[in-house]
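Peer 1: This is the structure, below, for whatever I ask next.
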Amino acid sequence: MTDFKTIIARLAEGRALDAAEARAAFEIVMSGEATQAQIGAFLMGLRVRGETVAEITAGATVMRERALRVTAPANAIDIVGTGGDGVGTWNISTATALVVAAAGVPVAKHGNRKASSLSGTADALQALGVNLDIDPATIAASIEKAGIGFMFAQAHHAAMKHVAPVRADLGIKTIFNMLGPLSNPALVKRQLLGVFAAEWVKPFAEALRNLGSDSAWVVHGSDGMDELTTTGPSAVAELKGGSIRVFEVTPEDAGLPRASIEDLKGGDPEQNAAAIRRLLDGEAGAYRDIVLLNTAAALIVSGKAATLKEGAGLAAKAIDSGAAKQTLAKLVAATNGKNNV
């Protein structure tokens, strides 16, 4: 096995790690065999030089192998972002996940508490009454009954406890900010994945291809959002059939108006939960529009829609029919041990 000091020495020279070296390094880190100082040096060495697709793939592979697994249908999708975009919007991926499920696509959503906003996916779902403290069998049953299940990252990646103190002490983005969205415990092969910078859309798509995904959109909004934005264009790297295509989309492609970033600013978990409820009740406005856009993308990834315009229409129908509101009610019931779903 590669010695961890040797790996750190290679990083200190500015060298990229090959797949075997990177895998060995993450095995050492995630098994608790590295000291806190070594982990800090490792993370900083990667960050200063710039993380490679091979290193990201290796880290995500090790995290997936060590995760507490969940069973999900083969056509399930994850709708997830790296977080840390600093924009502080409403919970867009959370609301999108509910609408996608209501449109008939099973969702195995992986997420955590807030990164840079006031409210992360876990915070908002908890405020909506979803029980996060459930076992893999209950999550699988939730996906079956409600069409959606939520996997709380910290409950599924126990090995992260070895790096948590160092990450907190460093206070900067590290490779682990990238690995979470790539480490879905249900091993889904379809993703709508938002990243914190445009230069990462293609590398993330390449990593997803390496990890076995068959269909994905990796996106970044021109306003900095780790979502498709309605304030302007968004960069997209599409993975389909083993090929990656990079292009740009606008809200107009989905027949939607542009919004200002102020219209999309979120609040604390309770405020964001209330906004989701209003959205599911059919409230019009900028929040609904951005959820329609992101749902449309997820429906393209899932093969349910051919275009953003078609997908946005299906998303609107899922909300206006009451199906999305019912999906939330089913999710709350399924995670709280109630059978009336």
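Keep in mind that glycine also has a Cβ here, set from the backbone N, Cα and C atoms.
Remember, it's a predicted structure, so these values are computed and weren't measured experimentally.
What Swiss-Prot lists as anthranilate 1 binding site is G81, N112, and the listing cites sequence analysis. Annotated 5-phospho-alpha-D-ribose 1-diphosphate binding site per Swiss-Prot: G81, 84-85, T89, 91-94, 109-117, T121, in sequence order, evidence recorded as sequence analysis. Among the features that Swiss-Prot reports, Mg(2+) 1 binding site is placed at S93, E227, with the record citing sequence analysis. Marked as anthranilate 2 binding site by Swiss-Prot on the basis of sequence analysis: R167. Look at Swiss-Prot and you will find D226, E227 tagged as Mg(2+) 2 binding site, backed by sequence analysis.
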Peer 1: Which of H110, R113, R167 (the binding-site residues) has the most other Cβ atoms within 10 Å?
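Peer 2: Neighbour-count leader: H110.
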Peer 1: Within 10 Å of D226 (Mg(2+) 2 binding site), Cα to Cα, which of the binding-site residues G81, H110, N112, R113, R167 are there?
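Peer 2: Taking G81, H110, N112, R113, R167 one by one, the ones whose Cα falls within 10 Å of D226 (Mg(2+) 2 binding site) are G81.
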Peer 1: Quick one: Cα separation, R113 (5-phospho-alpha-D-ribose 1-diphosphate binding site) versus G81 (anthranilate 1 binding site), in Å?
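Peer 2: Cα-Cα distance, R113 (5-phospho-alpha-D-ribose 1-diphosphate binding site) to G81 (anthranilate 1 binding site): 12 Å.
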Peer 1: For S93 (5-phospho-alpha-D-ribose 1-diphosphate binding site), name the DSSP secondary structure in the helix/strand/coil scheme.
Peer 2: helix
Peer 1: Counting distance between Cα atoms, which of the binding-site residues T89, H110, R167 is nearest G81 (anthranilate 1 binding site)?
Peer 2: H110
Peer 1: Using Cα coordinates, what distance in whole Å links T89 (5-phospho-alpha-D-ribose 1-diphosphate binding site) and E227 (Mg(2+) 1 binding site)?
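Peer 2: On Cα coordinates alone, these residues lie 10 Å apart.
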Peer 1: Sort the binding-site residues S93, N112, E227 by C-alpha distance from R167 (anthranilate 2 binding site) and give me just the closest.
Peer 2: N112
Peer 1: Calculate the distance in Å between the alpha carbons (Cα) of H110 (5-phospho-alpha-D-ribose 1-diphosphate binding site) and E227 (Mg(2+) 1 binding site), and round it to a whole number.
Peer 2: 15
Peer 1: What is the interatomic distance between the Cα atoms of N112 (anthranilate 1 binding site) and S93 (5-phospho-alpha-D-ribose 1-diphosphate binding site), given in whole Å?
Peer 2: 12
Peer 1: What does DSSP call G81 (anthranilate 1 binding site) in the simple three-state scheme?
Peer 2: strand
Peer 1: Counting only residues 6+ apart in the same chain, whose Cβ is under 8 Å from the Cβ of E227 (Mg(2+) 1 binding site)?
Peer 2: G81, T89, I92, S93, G194, V219, G221, S234, I290, N294
